[in-house]
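Enquirer: Below is the structure I would like to discuss, written out as structure tokens.
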Amino acid sequence: EDPSLERHFKGHRDAVTSVDFSRAKKQLASGSMDSCLMIWSMKPQMRAYRFLGHKDAVLCVQFSPSGHLVASGSRDKTVRLWIPSVKGESTVFKAHTGTVRSVHFSSDGQSLVTASDDKTIKVWTVHRQKFLFSLSQHINWVRCARFSPDGRLIVSSSDDKTVKLWDKTSRECIHSFCEHGGFVNHVDFHPSGNCIAAGSTDSTVKLWDVRMNRLLQHYQGNSVVNSLSFHPSGNYLVTASSDSTLKILDLLEGRLLYTLHGHQGPATCVAFSRDGDLFASGGSDEQVMVWKTNFDADYGEVVKPQKYCSSVDETHGTGSEMDGGIHHKKTKTQDSVRTHEQQEEENSLANTLEHIMGQLDVLTQTVSILEQRLTLTEDKLKECLETQQKIIQNRTN
């Protein structure tokens, strides 16, 4: 069965720039050139929220891992953190001196990495909302930055045509991949953390192994690649291109599986849901579309990395062996001997913990908003007192 269009969201008044699903797929966030962030409910007939605050185009949005916060970056040079259910309140991060093109939470939800036209990548703490450090070696706009699944590495892509890999602890650039012939619009880590994929204005998608720093796969398209997203199984990659198509690549076979035509005009962004059942896309046509994945239903049982062969570039006919980067296996392991009860207990504990983390996110955010209000009130009070004193002085004079 082919992927099929499931839902259609209309409400933005300019090109959609970014889309992301919340963890439980209850909500979908989108950013747009219309300076708005929109939160759509996946339940039919439920209304959407429009969040106002940015003074210019919103270029990137992402839900925190718990789904209780949304981060956005804008051409107004700021990053904002929102509570997706509370109307219109956000806290502002200011440190970039140029347009912010990318925001990404670490998988533990504790850090945020942002990328900007000021040629830097910045890392922040989410709870204290403090700027931690900058990574600056790119010599042009930085389009995208992502944490690795384990949070130890950061990958970034830039208009200087390079993809850079950084060590978060030492804050040093470990490697630069310079194979792209154009600006590198988007980059992300494979769910295993062992390889990265990047899409470029040179119409290619390239995959590299980050342990060996070598090219694994190369897909030649016929239009600018604006965005890409890995399926959680790690077996598929979806891309959004300027020729208005979405393409689904089968990474195991090393070939194009589907080309989807839905958008009128460039497809600007695309993202899989956390479980991979759905993916969302946005375009210059102001539309947000949600697609049902419909791939082989067996991907839930992806187990340990397997060695397998994959062609890098059909045109050159070079084969390369991919070890543990992308994997696929459909047999059950002996591990299922673990009792069902144990599993249930672990699951409920994990859920409780996640819920607590989510509540913490909201509390931190609420406290920050209250602090901002308090500061405003104090400032107003100060003004009033000063004015009062001036009046008294004038009277006595």
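Any Cβ shown, glycine's included, is placed from N, Cα and C.
In TrEMBL, annotation is done automatically, which means it is predicted and not curated.
In case it helps, TrEMBL gives these features for our protein:
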COMPBIAS  332-342  compositional bias 'Basic and acidic residues'
REGION    314-347  region 'Disordered'
REPEAT    9-50  repeat 'WD'
REPEAT    51-82  repeat 'WD'
REPEAT    93-134  repeat 'WD'
REPEAT    135-176  repeat 'WD'
REPEAT    177-218  repeat 'WD'
REPEAT    225-259  repeat 'WD'
REPEAT    260-292  repeat 'WD'
Enquirer: Can you tell me which recorded stretch out of 9-50, 51-82, 93-134, 177-218 has the most Cβ pairs within less than 8 Å of the repeat 'WD' (260-292)?
Expert: 9-50
Enquirer: What counts of helix, strand and coil residues does DSSP assign across the repeat 'WD' (225-259)?
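Expert: The breakdown for the repeat 'WD' (225-259) reads 0 helix, 23 strand, 12 coil.
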Enquirer: Which residues of the same chain, at least 6 past either end of the repeat 'WD' (9-50), have a Cβ under 8 Å from a Cβ in it?
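Expert: Contacts with the repeat 'WD' (9-50): 56-63, 65-67, 70, 72, 74, 80, 82, 84, 87, 268-275, 277-278, 280-290.
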Enquirer: Counting by DSSP, what is the helix, strand and coil composition of the repeat 'WD' (260-292)?
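Expert: With helix first, then strand, then coil, the repeat 'WD' (260-292) has 0 helix, 20 strand, 13 coil.
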